[in-house]
Amino acid sequence: MACMKLGSKSDAFQRQGQAWFCTTGLPSDIVVEVGEMSFHLHKFPLLSRSGVMERRIAEASKEGDDKCLIEISDLPGGDKTFELVAKFCYGVKLELTASNVVYLRCAAEHLEMTEEHGEGNLISQTETFFNQVVLKSWKDSIKALHSCDEVLEYADELNITKKCIESLAMRASTDPNLFGWPVVEHGGPMQSPGGSVLWNGISTGARPKHTSSDWWYEDASMLSFPLFKRLITVMESRGIREDIIAGSLTYYTRKHLPGLKRRRGGPESSGRFSTPLGSGNVLSEEEQKNLLEEIQELLRMQKGLVPTKFFVDMLRIAKILKASPDCIANLEKRIGMQLDQAALEDLVMPSFSHTMETLYDVDSVQRILDHFLGTDQIMPGGVGSPCSSVDDGNLIGSPQSITPMTAVAKLIDGYLAEVAPDVNLKLPKFQALAASIPEYARLLDDGLYRAIDIYLKHHPWLAETERENLCRLLDCQKLSLEACTHAAQNERLPLRIIVQVLFFEQLQLRTSVAGCFLVSDNLDGGSRQLRSGGYVGGPNEGGGGGGGWATAVRENQVLKVGMDSMRMRVCELEKECSNMRQEIEKLGKTTKGGGSASNGVGSKTWENVSKKLGFGFKLKSHQMCSAQEGSVSKSNNENVKIEKLKDVKERRGKHKKASSISSER
């Protein structure tokens, strides 16, 4: 730290308790009281340097007191600063530094220590040191600005605060790698390929290491928030990038709000400052609340500028500190703008409501999701734009537009599964949150099915109608085979949903089996061609006839094993469907009076139930699969007949050839 030495005399001041004495051999003729400290000094050194002291001593002398008493209660810097002022008046050695120059400059102005009362007076000395030394250094400017807090009114009047902020903003807006600072100021290491170093202030080839854009975060976080806010405002006016400004705001917030330090070393930490250092002054709850609200207003409303985790932490602290409703609403809106970048742990927030109706703050998550959906509809080319649609269960649209909504759908499904065990969570809240996600956003409904199953498990008292209404959110066509298998055996699901699941699972299996038959038939035809015609192709094509034949045989065997397992599964499902059909027929008989109904009535009841469940196309699909299987078997029989005819023709040809040879003999 730079300094400037003043005076040449040895220190003649001694402290005894709450009093300072000047041991020059002459008795003291004036007592100056500054706060709780008293200074026993001499009149001449003081009045020869200060206009205020000259007037006060003259007024005291008129009263005829031999030893006058002067009280100074509003001196900038207090008794510590007056000690340095007194030493300057006596010509005692002292050092001007970046830490005390602001106090001395303000005190000199207050005491009117101008050039009229002595050449090289304290005002000119401090002004020269401040302008020519302090403002030329980042570190010294930070220390000087930090000291302005206690004398802010005087510092503003003398433009000291403004000069410090302008100097800091200028250096922060300039690429530090162009000039070698602030690495040199911070004592950073040097790169020297040839082993050269800095010698006598002259660079001999050494280069400072590359400095990241966040090098000033820690120094700026030492300032009080009013000064920090003024510094950030000037930096923005100088064109510093918004992401750098946002990074400094998040760093400052994490340092001064203890509740935000629970996640250390997260992805939001960057550069050489992995975690903010602790602050010596702990803010009160009211000060923390005010700081949080101020920071929230300073941050730009721009997606991706600040990590979502930071906003989630701020929202949690805002609810603990009971911040204003506007602050909480803005934080929820910010999270909603970039909800696709959030993690599941970010949304699992405890409820801080006085009523404590639920364990988790589901209402806040609902509002966040609504903000995301609303922002998505407004933004051009968003995931909710008309260009994204669903056609026959397949998503149509660019991957860039589908990805955010799909990620949010997966996130909300995970959140629903997380909060489902809460017995206090009402069905309307759970159902409303699940229904907020558009249908096209879920590629599979497995996550939603899992959440509903957990909710039904922990809410066994729900009525059958409530269960059916909740399960209507499921699209059975979007369930995977594993989910269908689990749902078919799930006793918590309504009967209507189980029938739908079994039907669609059977339909999927029939389609898969039919496809396997077609593939197997094609492979059988190819293998027969290989057996009849041998390997056709050049020496460089493929890997030989034997390798191709073996591969085809292996694939055919694998497909046959798969078809066998599918046939068994289809048979099991058909048995289950027939059993359920009988049960439904019995239900239909009982509703009609309990009489014995004919098979026609039972089948008619089943058809009615199928229509209600949306199974109108079942027969058509079944006929299609049966026709497909019939065509496959028919083609197989025709192939067998053709092979037999070929064998008969070959035998006849061989017999004719043998008979002709014998006749010639």
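Residue numbering: from 1, along the chain as shown.
Here the Cβ of each residue, glycine as well, is placed from N, Cα and C on the backbone.
Residues or ranges marked as domain 'BTB' by Swiss-Prot: 28-98. Per-residue confidence over the domain 'BTB' (28-98) averages 89 (mean pLDDT, predicted model).
The domain 'NPH3' annotation in Swiss-Prot covers 214-508 and is backed by sequence analysis.
Per Swiss-Prot, region 'Disordered' is recorded for 260-280 (among others).
The feature compositional bias 'Polar residues' is assigned by Swiss-Prot to 271-280 (among others).
As annotated by Swiss-Prot, phosphoserine applies to SER279.
Nonlocal intrachain contacts for the coiled coil (281-306), taken as residues 6+ away from its ends with a CB within less than 8 angstroms of a stretch CB, comprise 225, 229, 232, 242-243, 246, 249-250, 252-253, 256-258, 268, 314, 317-318, 321-324, 327, 330-331, 333-334, 337-338, 341. Under the heading coiled coil, Swiss-Prot lists 281-306, citing sequence analysis as support.
Summarising the annotation, Swiss-Prot assigns phosphotyrosine to TYR449. Every protein chain shown contributes to the tally, and the Cβ of TYR449 (phosphotyrosine) ends up with 28 other Cβ atoms within 10 Å.
Taken from Swiss-Prot, the feature compositional bias 'Polar residues' covers 626-639 (among others).
Under the heading region 'Disordered', Swiss-Prot lists 626-665 (among others).
The compositional bias 'Basic and acidic residues' feature in Swiss-Prot is assigned to 640-650.
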